[in-house]
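Notes follow the structure.
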Amino acid sequence: MSRLRFLAAAAFFLLALDAFPPSMAAARAQQLSPDYYADVCPNLESIVRDAVRMSVAHSPVAAPATLRLFFHDCAVRGCDASIMLINPDGDDEWRSLDGMTLKPEGFNTVMSAKAAVDSDPQCRNMVSCADILALAARDSVFLSGGPDYQVELGRYDGRVSTRDSVVIPHGTFNLDQLNAFFSGLGLSQADMIALSGAHTIGAASCGFFGYRVVSGADDAAMDPAFAEQLRGTCPAGGGFAFLDGATPLGFDNEYYRNLRGGRGLLGSDQALYADPRSRGAVDRYAADQEGFFDDFAAAMTRLGRVGVRTAEDGEIRRDCRFPN
């Protein structure tokens with residue numbers, strides 16, 4: 001993404017956030033509660049977890065794809081499942097350049113969980129797609145070996161999704177650019193570093209990191225042996241690599257250990273260790289997996305409060321792909 005395009009998109013996103021002044025955003029977040037559906041859909045969490053478990057068993061891509069889908073949703077228009085919407089004219093988030101990198105397994109996981117929830121007559125059309133996505137993201141983490149944390153519920157679904165609203169961090173970002181983006185979400189550098197640990201599962205195509213290993217590239221932050229390995233991974237015309245090559249399917253703290261050894265796949269990941277302002281947090285998480293789990297869960301909770309919608313400006317979609 002060019003600097004001009006990033007600044008324009010960031011300005012658009014910040015204007016969208018201005019629609020929710022701090023006092024209103026805080027009030028909307030207060031509507032969230034882990035027990036929000038206790039009376040109307042008491043078995044919600046077990047229904048969603050069982051559905052996610054089936055999706056993960058069917059495809060190892062499902063867990064990282066669902067987790068990434070949640071971040072993309074919250075980072076663009078707030079946590080309102082707008083990433084799921086399909087517009088007839090093609091002007092929607094998932095068909096933006098960044099949205100098209102999302103894997104179908106993530107969408108399918110949410111749709112399967114939605115179908116499972118609605119198969120219970122007590123729950124049918126009572127639970128928002130935004131909340132199902134939040135639960136599915138948590139369960140994707142847990143079923144991959146990560147923390148099992150409480151999810152605040154009570155979000156309503158948005159009605160709007162546009163390509164031009166999409167702006168997310170890119171693999172070329174440095175620490176200042178990452179902090180600027182997450183600050184726009186109301187999140188801190190500490191939150192950003194903890195959330196970056198989601199890259200302990202999943203993969204990236206060579207187009208996102210190949211510039212670091214092409215002939216003539218001199219990336220001093222990258223382990224030379226790792227660079228050589230990646231050159232063999234990225235033949236002309238394609239290829240991919242795991243974001244955490246040590247334990248690619250396990251949610252753990254190996255991501256941070258990789259960064260200490262210069263084996264961060266994306267430039268934006270390795271920047272967390274290359275920059276002394278964030279290196280200490282990487283060292284802490286590399287040495288303390290439980291500490292990472294605790295901070296990741298807390299950061300996911302704060303992320304889940306971004307751009308929360310209410311019955312006044314949202315709805316509970318009958319079909320996650322279309323407004324009612």
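Any Cβ shown, glycine's included, is placed from N, Cα and C.
Annotation in TrEMBL places CYS41 in a disulphide bond whose other cysteine, of CYS79, CYS123, CYS129, is CYS123.
For the Ca(2+) 2 site, the Cβ centre of THR200, ASP244, THR247, ASP252 serves as reference, and the other residues of the chain with Cβ at most 8 Å from it are ILE201, ALA246, PRO248, GLY250, PHE251, ASN253, GLU254, TYR255. Cα-Cα distance from CYS320 (disulfide bond) to HIS199 (heme b binding site): 26 Å (rounded to the nearest whole number). Distance noted between the C-alpha atoms of ASP244 (Ca(2+) 2 binding site) and HIS199 (heme b binding site) is 7 Å. Between the candidate recorded positions, ARG68, HIS72, HIS199, the densest Cβ environment within 10 Å is the one around HIS199.
The closest partner of THR247 (Ca(2+) 2 binding site) among the recorded positions, by CA position, is CYS206; the full candidate set was CYS79, CYS123, PRO169, CYS206. Taking the Cβ of CYS206 (disulfide bond) as centre and 10 Å as the limit, one finds 20 other Cβ atoms among all the protein chains shown.
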